[in-house]
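Taken verbatim from Swiss-Prot:
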- 1-11: compositional bias 'Basic and acidic residues' (COMPBIAS)
- 138-385: domain 'ABC transporter 1' (DOMAIN)
- G177, T178, P179, G180, C181, G182, K183, S184: ATP 1 binding site (BINDING)
- 481-757: domain 'ABC transmembrane type-2 1' (DOMAIN)
- 486-506: transmembrane segment (TRANSMEM)
- 566-586: transmembrane segment (TRANSMEM)
- 592-612: transmembrane segment (TRANSMEM)
- 625-645: transmembrane segment (TRANSMEM)
- 652-672: transmembrane segment (TRANSMEM)
- 734-754: transmembrane segment (TRANSMEM)
- 897-906: compositional bias 'Basic and acidic residues' (COMPBIAS)
- 924-1166: domain 'ABC transporter 2' (DOMAIN)
- G960, P961, S962, G963, A964, G965, K966, S967: ATP 2 binding site (BINDING)
- 1261-1281: transmembrane segment (TRANSMEM)
- 1296-1316: transmembrane segment (TRANSMEM)
- 1345-1365: transmembrane segment (TRANSMEM)
- 1377-1397: transmembrane segment (TRANSMEM)
- 1404-1424: transmembrane segment (TRANSMEM)
- 1506-1526: transmembrane segment (TRANSMEM)
Amino acid sequence: MAKQDPKDKNSDSPNLSIPINNNNNENLDNDQELLNNNNNNNNNNNNNNNNNNNNNNNNNNNNNLISSSRKHKDEESNYDSDDEKSVYQIAKEHEGEDDGDDEYFPIPLDELMPNHENDELTKKIKQTRPEDKTGLYVYCRNATYTVKHRENKKVKIKLIDDISFYLKPKEMTLILGTPGCGKSTIFQMLAGQLKDKHFKGELLFNGHPINHKNHHRDISYVTQDDIHVPTLTVKETFRFALDCLGRKELTNEEKKETVDNCMNLLGLKESENTVVGDNFVRGISGGQKKRVTIGVGVIKGSNLLLMDEPTSGLDSSTSFEILSDVKKFVTYGYSPALITLLQPSVQLTSLFDNLMILNKGRICYFGPMNKALGYFKKLGFACPSHNNPAEFFQEVVDAPERYSFIHPPKCKTSKDFVRAYRESEFYKDLMEKMDANKDGIVDDNKPKVLVDSTAKELGMYPHGIGYQTKICMKRGFTMIRRNYYNFLTRVAKGIFFGLLLGTLYWRIGHNQSGGMERFGLLFFIMVTIIFSSFAAVNSFFGERKVFYSQKALYYYKTGAYFISSIICDIPAGILEVAFFGPIVYWLANLRPVFIRFVYFMLLLIMTDNLSLSFAKMCAAISPTIEIANVIASVILSIWLLFSGFTAPKNDIGGWWIWLYYISPYTWIFQGLSINEFTYQEYGCKTSELIPPRTPQNLLPYPEGFGGNQVCQFTSGEQIMDAFGITNPNYFKWVVFGILSAYIVFFYVVCFFALKYFNFEDKKSKLAVKKLKKKKKVKTTKQDEESAAISSEALERIDDDNDDDADYETEIKKKKSHKKQKEDTVIDVKSPSSLTTGSPYYNINNNNNNLSGSGNNIKKRKVKTPSNLSPSVNSPITINSPMPTSPSNNNNNNNSNEKSKNGKDIGSETGSYLQFKKLCYAVDVKVDDPDNPKKKKSQRLQLLTDIDGYVKPGQMLALMGPSGAGKSTLLDVLAQRKTGGHITGEILINGKPPSEFTNRIRAYVEQMDVLPPTQTVREAIAFSARCRLPPEVTKEERESYVDKIVEVLSLSSIKDLKIGVLGDGLSVSQRKRVNIGVELASNPEILFLDEPTSGLDSGDAFKVIDVVNKIAKVMNRTVICTVHQPSAAIFEFFDQLLLLKQGGETIYFGPLGNQSSVILDYCDKLGMHIKPHINPADFVMTLADQGKMVEGPNGEQVPLDAKKAYFESDICKKEYEIMEGQLIPDDFVIKTYDSRFASSWMTQFRALCMRSWLSRLRRPAIFVSNCIRSILLAVLLGTLFVRMDYEQKDARSRVSLLFFSFLFAGMVAIGNIPTTVLERGVFYREVTAGFYHSTAYMTSYVLTSYPFTLSTGILYIIPTFWIAGLDSGRHSSKFWYCLFIFIITYVMYDAFGLCLAVCLPNEVMASTICGIGLSLSTLFGGFVIARPNYPSAYYWCHYLDWLRYPLEASCTNEFTGLTFVCTNNKGAVPIPIIENGVQIAIKYYCPITNGDDFMLTYGFHKFMRYIDIAAIFGYIFIFVGLSFWGFKKIRWFNR
């Protein structure tokens, strides 16, 4: 049974209306010719009744009437006019008329802030305000700031262009404008952050030029980024800001009071002891972080307040609370304020005294807020009564046709608006005031005495470097105390490695093997300390962003922060050494002399500081953490290689000996060795005497040695000499001086890098790598000093709204396109009859039925928008027979018709979604009242008995205050929850969801997780390839993708890489791409989680306009959570589900035309909306706790919103619909028999192509790995160049192979960051049903092999031949060695992949990887030969994956080799003694047979092929764990 749609309108309903827009933002090629109303404005008044009647008739004819409050996005208008009056002539004609001031805007301050003059905050401000405070008078005249284009230095870009304005105390000025308009540049100019050489014009503060030395002390600059120390509490964050920026005279009690007042003001008192938090540390909410950002900006007090988007991410009530308090600060604290906002409500806008509208660096209006509407009305632009004036101000310059009641509009481009403003009375008045007050004080009541910062000669900082260092140290130790787990980790690691090394080298003897093992132990002790401090690279990057932010705001000098950072880092190193050093020292039986033990401990502490300083230097000089790790790892490897252990000094060629001397680890190793070996005697066990007692050696001299044996090394000095260490004992103290010089050098470089570099700024720039062929990128403005083409530039390319393009030329270009059939006639009302002041058009598909057209109205052809009409040439369209209509005006009569052109993917209908008694709860830990020390589990109810439905073609808005459960409900409906307790019923087309439901639904998440290396079109095409069924041909699929790109207005950027946030597409573009990716699956139901969050009104409108097209044009079911929607956006929705705190329904039903249904409902409850109030904001007040409404007798009574709704007629009607037959009898329900639309092989091919391109488009990673391989190959090859068959060459061959495998381990660490980044994309896509997880994993692994293998090949081939390794017969040894290296690189790549997949984050994966590589080095068989391992550690040796490639390559190399001692070089002299008399000296050559030499390491020739099997075994284990991790592990919960 069909039910009456609550949105059906009667004959008394207002006309369905839409403002027409010639918006170049939508490149839809839809040249339309509108009626010229120059002669018909008066006639339209007489036709209103006819229009109303026709409007009603059309509603009853299944939406034959195209009526959309936002149809201007789909149509572009073309105006023909002979009237070429200039803008100022039009203004002159209106001079005698009413000024157009609106009695409802701005809202009076007394109404917004009752009793604001006498509340507690105002009193406190007045009491604490210094008596002599006057604030800053800002005088800016003809200011222009020009920079050179980053790529083309000859091109100069004006970021601001000849702007003039003034600011004075006690007034707030609002800046509005689209991204790239110049807002940030003005803020930087007033904050003194721009370079004078690029600035032209006059800028005065209190009549004086800017003094860069101390100007910042007069201002408070609140940035839009919430950058704070995550481990500090809210109170500590405020106190630190006040300590740094506050006046020196403030006492401790005054500071406490100031901090408390600030927290109370911002509503943060209850959270004062909660840490701020970040992505890894749980803390306060995002809205609270924004309040903290505002608080630290204003806490010092200032004479000028600059705030850049301070309410971004906050709900409307919180935003108003904060800015109303700012208003009090400004009014009663005598500080002027300049503030920019994204989507301000009418209440927020009314708080401001003045308005500045910017567009592309030029002022389009500057004047009183209460005169702004009248100014634009005189120009022919009117703000509809139901619209927020702030939206009107933001959009009128970019979309003048939308608001013009004079056609064609005389201001068509921003240049026209600038010209109109320059010709207006406002500009003339401004110039007169500035001419009359050239002293820079534009005020009728000038103060007698003004603050002069230049005269006071204030310092740059309020406090000296000593005090700054003190408070930075205090903060640093607080951070350390909060990060106690880092201390515990280092302590645990120290104890673990101390016990490991101590027991592994348990009680080493002072014999020959003990002497060699001590060298290995000392080397590994050094390496352990070095790698422990190396984690500072990652941690320092986390701190660096906060430092850059606070340095820019002049919290402290770089030196103060730097000194405190060094001091605060010392305890952690000392603590680790305090546990690690004694354990390993005494267990391993190192020299039991107290002074040597003290030296050992001091040198380890010095080593820790050296490594820490080196790691910080690498982090400070590197733009990204990846580059820092590459630089640090390469240098570290080279320094360790030349430290004297792997390659002793005597074995290093003269061309590389300089690396031995500049390596700081050389001197650490020498210091440890000298301390351990000097003045120590060594002996031999019987088995260590040389030559061994073999029959050959027992023969009498000269055939043998006559049984004579010697102990090769009898003193520590002899052992050191074998390693090239010849310095005396006192030199170990010189080592401290050498290391101190290194530490100072590293810290000095780090200090200057921090002082003069700011890599975070450079990250925000984006160089456009590729545009569509033949697409010319025009020079754009940006609010960045470097003027690189940034995401703002991409916005302008995307918008294609070039100010310099001639308006009429564009119209002519559009006319030249192929004409399409005449299908629409437009009836234009007279502007005088419009209560809203905006042009309204009735668009009727029946050309023969023109309501009230009259004889003066011309019929014109209107081209059908390309995105609304079926394509003649394409077999697939995304179009529907129903036109785009405003949701609130739509009758929602859906059609399942198919395109006549064939398979019409986009015309398939949506699904009916219904939910009944839906509840959701989670288990949380709370304090146990019976035992305060324990926690108990308690169930927290987040959603309670939620009912509702959505039909195809409808848009349902989920709204409510923060914490009401909007996103929770969306996740439950989309079945994205991974935990919690869900009860109730969800029905899709009358049936419960199944495992195949992913085929018909799509979820656009709030965080736009997209593959960064794909282009826009590739991302959408990939989704289509994986998620469309095989019945769709390639041509059809490609056509479908092209249509999506067109509808989403992504054509101009479709060939650009997506990138990452801040270094790629803008937020708005990423949002539309995300929608396109989900739309490519041809879903029947589309879920969107806050798609407008973080966008300005223009971008938010674009996104929701696209969603509206999806719902109406494609007849889809759309459910969307929205946060602070504008009136224009709110109009798009058909239904509203409003939740209150606790997740309970307080309204579910239709919105109606211009929100008439819900506003009527509110009116019946005693809530009456005033003009210019956003209906969305007004409706949200239903959810206010303790809401008071007007009772029957005019009295104020409390409102129970939930009870009122369930007793209302709307509720009864909605439940009748839900309980009745919601789904029509003729509705066709699709059925599926597979979870995935495409086959495994199709998914695999698509994934292989994407993964391959992704790796190719990250050339920096691959090229850096290749360069590193080549450099290390040349370095190691020439270090061991053309090895011969002498004694030292035998050891050198083993060292070369061992170190080569260590370098292979770098592949594992280097791939972790990329894999973790890709993992987020995988989680989103596999949850959405893109593909099988096995298809992804297989493609990811296989496509990595060419890059991994090429890295290994580029290393081993040059190394092998330069070093002169044995190639064997027919180069068989070379090919075997190459094969071993290839599979070893694959094994390490699989190891890194396994850790990146199975561990929660990059930091932990890198840490575990480093520990794993360290342990593999220790047990691999080189540092300690297998025969020398304690029996308890044999299992570690056999489990070590490094053992097998090392054994395989070494046995391959040494098989069949014979070594000699030419000229007794390397031989051991054996005195021949007979009858107690030495008769001769005979030399013994220790290493003669390669196979025997391998046995000393425990390596066996017969194991070579078993080793290959073991390597493959590890590859399968790591890859298998990776498959399991991808399939089973999800490091996030919903």
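Note that Cβ sites are derived from N, Cα and C of the backbone, with glycine treated the same way.
Locations of recorded Swiss-Prot features on the structure.
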{"residue": "P179", "record": "ATP 1 binding site", "Cβ within 10 Å": "24"}
{"residue": "C181", "record": "ATP 1 binding site", "Cβ within 10 Å": "30"}
{"residue": "G182", "record": "ATP 1 binding site", "Cβ within 10 Å": "25"}
{"residue": "K183", "record": "ATP 1 binding site", "Cβ within 10 Å": "22"}
{"residue": "G960", "record": "ATP 2 binding site", "Cβ within 10 Å": "26"}
{"residue": "P961", "record": "ATP 2 binding site", "Cβ within 10 Å": "19"}
{"residue": "S962", "record": "ATP 2 binding site", "Cβ within 10 Å": "14"}
{"residue": "G963", "record": "ATP 2 binding site", "Cβ within 10 Å": "15"}
{"residue": "K966", "record": "ATP 2 binding site", "Cβ within 10 Å": "24"}
{"residue": "S967", "record": "ATP 2 binding site", "Cβ within 10 Å": "17"}
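Spacing of K183 (ATP 1 binding site) relative to G960 (ATP 2 binding site) is 31 Å (Cα to Cα, whole number).
Rounded to a whole number, the distance between the Cα atoms of P179 (ATP 1 binding site) and G963 (ATP 2 binding site) is 30 Å.
A helical conformation is recorded for K966 (ATP 2 binding site) in the three-state DSSP classification.
Packing against the transmembrane segment (1296-1316) from elsewhere in the chain are residues 625-626, 629-630, 633, 637, 641, 646, 1258, 1261, 1265, 1268-1269, 1272, 1276, 1280, 1283, 1344, 1348, 1351-1352, 1355-1356, 1359, 1363, 1365, 1381, 1384-1385, 1388-1389, 1391-1393, 1395-1397, 1401-1402, 1405-1406, 1409-1410, 1413, 1416-1417, 1420, 1422, 1442, 1445-1446, 1449-1450, 1453: each is 6 or more residues past its ends and has a CB under 8 Å from a CB in it. Confidence over the domain 'ABC transporter 1' (138-385), given as mean pLDDT on the 0 to 100 scale, stands at 87. Beyond the transmembrane segment (1345-1365), the same-chain residues lying 6 or more positions past its ends with a Cβ under 8 Å from any Cβ of the stretch are 1255, 1262, 1265-1266, 1269-1270, 1272-1274, 1276-1278, 1280-1284, 1293, 1296, 1300, 1303-1304, 1307, 1373-1374, 1377-1378, 1381-1382, 1384-1386, 1389, 1453. Distant neighbours of the transmembrane segment (1377-1397): 1300-1301, 1304-1305, 1307-1312, 1315-1316, 1319, 1340-1341, 1344-1345, 1348-1349, 1351-1353, 1355-1357, 1360, 1365, 1405, 1408-1409, 1412, 1441, 1445, 1448-1449, 1452-1453, 1507-1508, 1511-1512, 1514-1515, 1518-1519, 1521-1522, 1525-1526, 1529; these residues of the same chain sit at least 6 beyond its ends, with a Cβ under 8 Å from one of its Cβ atoms.
Non-local neighbourhood of A964 (ATP 2 binding site): L1139, K1140, Q1141, G1142, G1143, A1183, each in the same chain, at least six residues away, with C-beta under 8 Å from its C-beta. Burial estimate for the binding-site residues (G180, G965): highest at G180, by number of other CB atoms within 10 Å.
Taking all protein chains in view, 23 other C-beta atoms sit within 10 angstroms of the C-beta of S184 (ATP 1 binding site). Between the transmembrane segment (486-506) and the stretches 592-612, 625-645, 734-754, 1404-1424, the greatest number of Cβ pairs separated by less than 8 Å involves 1404-1424. Counting only same-chain residues six or more apart in sequence, the Cβ atoms lying under 8 angstroms from the Cβ of G177 (ATP 1 binding site) belong to K183, T340, I357, L358, N359, Q394. Within 8 Å of the Cβ centroid of the ATP 2 site, not counting the listed residues G960, P961, S962, G963, A964, G965, K966, S967, the chain contributes T968, L1139, Q1141, G1143. Here the transmembrane segment (1404-1424) has long-range neighbours at 493, 500-501, 504-505, 517, 520, 523-524, 527-528, 531, 534-535, 538, 1294-1295, 1298, 1301-1302, 1305, 1308-1309, 1312-1313, 1316, 1391-1392, 1395-1396, 1433, 1436-1437, 1439-1443, 1446-1447, 1497-1499, meaning same-chain residues at least 6 beyond its ends whose C-beta is under 8 angstroms from one of its own. According to its DSSP assignment, K183 (ATP 1 binding site) is helical. At the 8 Å Cβ threshold, with sequence separation of at least 6, the transmembrane segment (1261-1281) lacks contact with the transmembrane segment (592-612), having fewer than 3 such pairs. Beyond its flanks by at least six residues, the transmembrane segment (592-612) meets 525-526, 529-530, 532-534, 536, 569-570, 573-574, 576-578, 580-582, 585-586, 664, 668, 671-672, 675-676, 732, 735-736, 739-740, 742-743, 746 of its own chain at Cβ-Cβ distances under 8 Å. The separation of S962 (ATP 2 binding site) from P179 (ATP 1 binding site), Cα to Cα, is 27 Å.
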